[in-house]
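Single-structure report; data block below.
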Amino acid sequence: MGGLIFGYDIGISGGVTSMAPFLRKFFPSVYRKEALDKFTNQYCKFDSETLTLFTSSLYLAALLSSLVASTVTRKFGRKLSILFGGLLFCSGAIVNGAAKAVWMLIVGRILLGFGIGFANQSVPLYLSEMAPYKYRGALNIGFQLSITIGILVANILNYFFAQIKGGWGWRLSLGGAGVPALIITVGSLVLPDTPNSMIERGQHEGVKTKLRRIRGVHDVEEEFNDLVVASEASKLVEHPWRNLLQRKYRPHLTMAILIPFFQQLTGINVIMFYGPVFFNTIGFADDASLMFAVITGGVNFLATIVSIYSVDKWGRRFLFLEGGTQMLICQIIVATCIGVKFRVDGEPGALPKWYAIVVVLFICIYVLGFAWSWGPLGWLVPSEIFPLEIRSAAQSVNISVNMFFTFIIAQIFLNMLCHMKFGLFLFFAFFVVVMSFFIYFFLPETKGIPIEEMAEVWKSHWFWSRYVNDGSRHPN
Ligand code: BGC
């Protein structure tokens, strides 16, 4: 449910902003340009900062609250963080569904964003701590899979709700976030807290009984002792943030910043947030645009399943490099198609059918490439490379960088489309080339390596070995 609601919020806003009654009510100037003017520059018809603020405000709020949430998660337990997240989601969904003015839309998105900060910090941690170690990798991508299900569900609901007579379907789309929100809220009340978190907070009694229950075996002495030792070791770390700046953690810090940065610079959220708006821009009718969003959402979901199966077989590097190449080729083709028809003046004239099919096809192949590489790996790789003593701090850096660049892309995409035109796709293509070179030269393979032995991969790496020498062995 935590991943699902995140995905739902990613997918819902683009569809809603391409519904004419919604635009007419909240963004009348955009509506006038969109619905009434089919002749002048199409690249700029959605360019409105309040419209993008509606989408992007959520990520800024998530960035801020994930910083607070890391303390709540540590001091009061994962369960309470999940409950907070649920309550914030419920209130955000209500304010959005009942919105009467733009400020209510934005306040609602901010509340949802605060919820996401709490949920994204606590849910993956909760899963990793509860999961038997053998299934941890698969469960981790399970979180990304739930995100893609959330996006797909949002796209499907937008398609149907847009057809409601009377034009109030957008209220159901926005209010719909209340369903998973309610499930998380009620669910968090009956979830047990994790043994790790109870020990961390000094509640040793009851932990063994709980471990017996969740592991389904009687003898839990060894795991209990491991948890106590790990918790004591992590308490010795007084300044996880300052630690992160030490020379020996340079490779980890670099990955915690660059992996989420590059993930967003693939340009994926142009499709996830503004797919329907974009399809509208290149000349498709409202309902066709919403249908294409359902198709890209479906492709995104299916390709994530491929990644679950292949990530431990073919390895992370192979998927990263293959996905990058695939995205690059598609971006060049899409830029060319749009450039040829819309030129720089953005006035397309009549669009032939083959053109529509080619653009949609290559956007789908691009989404496929992302969804089995940078999508899941952008979360999986950072989560498996940090040693215990910097894990929470490095994970916060990872989430914050991700949210920050998600915010930037959400905020400036429509403006970039207006100014860079079809060149926007070449802009993202440039970053895909840079990130692929980065992976090729700087990311060691982490497939099949136990987390405790991860230090070795840096020590034998041609570049990172100079930072991580033998004098700096990781305690875990
Ligand atoms: C990214 C999101 C993106 C989603 C698409 C996630 O891994 O962090 O920004 O919208 O994948 O499936």
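Note: Cβ is positioned from N, Cα and C throughout, glycine not excepted.
Feature annotations, courtesy of TrEMBL:
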type: DOMAIN; residues: 1-447; note: domain 'Major facilitator superfamily (MFS) profile'
type: TRANSMEM; residues: 51-73; note: transmembrane segment
type: TRANSMEM; residues: 80-99; note: transmembrane segment
type: TRANSMEM; residues: 105-127; note: transmembrane segment
type: TRANSMEM; residues: 139-162; note: transmembrane segment
type: TRANSMEM; residues: 168-191; note: transmembrane segment
type: TRANSMEM; residues: 253-277; note: transmembrane segment
type: TRANSMEM; residues: 289-311; note: transmembrane segment
type: TRANSMEM; residues: 318-342; note: transmembrane segment
type: TRANSMEM; residues: 354-375; note: transmembrane segment
type: TRANSMEM; residues: 396-416; note: transmembrane segment
type: TRANSMEM; residues: 422-443; note: transmembrane segment
Next item on the list: Can you tell me which of 105-127, 139-162, 318-342 gets the most C-beta pairs within less than 8 Å of the transmembrane segment (289-311)?
Entry: 139-162
Checklist line | Among 51-73, 80-99, 253-277, 396-416, 422-443, stretch most in contact with the transmembrane segment (318-342) (C-beta, under 8 angstroms) | finding: 422-443
Check: Given the transmembrane segment (80-99), which of the listed stretches 168-191, 253-277, 422-443 has the most Cβ pairs that are under 8 Å apart from it?
Finding: 168-191
Note to self: Tell me if the transmembrane segment (396-416) touches the transmembrane segment (51-73). I count contact as 3 or more CB pairs below 8 A, with pairs 6 or more residues apart.
What the structure shows: yes
Margin query: How about the transmembrane segment (253-277) with the transmembrane segment (105-127) - do they touch, taking at least 3 C-beta pairs under 8 Å (6 or more apart in sequence) as contact?
Written below: no
Next item on the list: Please check if the transmembrane segment (168-191) comes into contact with the transmembrane segment (105-127), where contact means 3 or more CB pairs closer than 8 Å and the residues in each pair are separated by 6 or more positions.
Entry: yes
Check: Averaged over the domain 'Major facilitator superfamily (MFS) profile' (1-447), what pLDDT does the prediction give?
Finding: 86
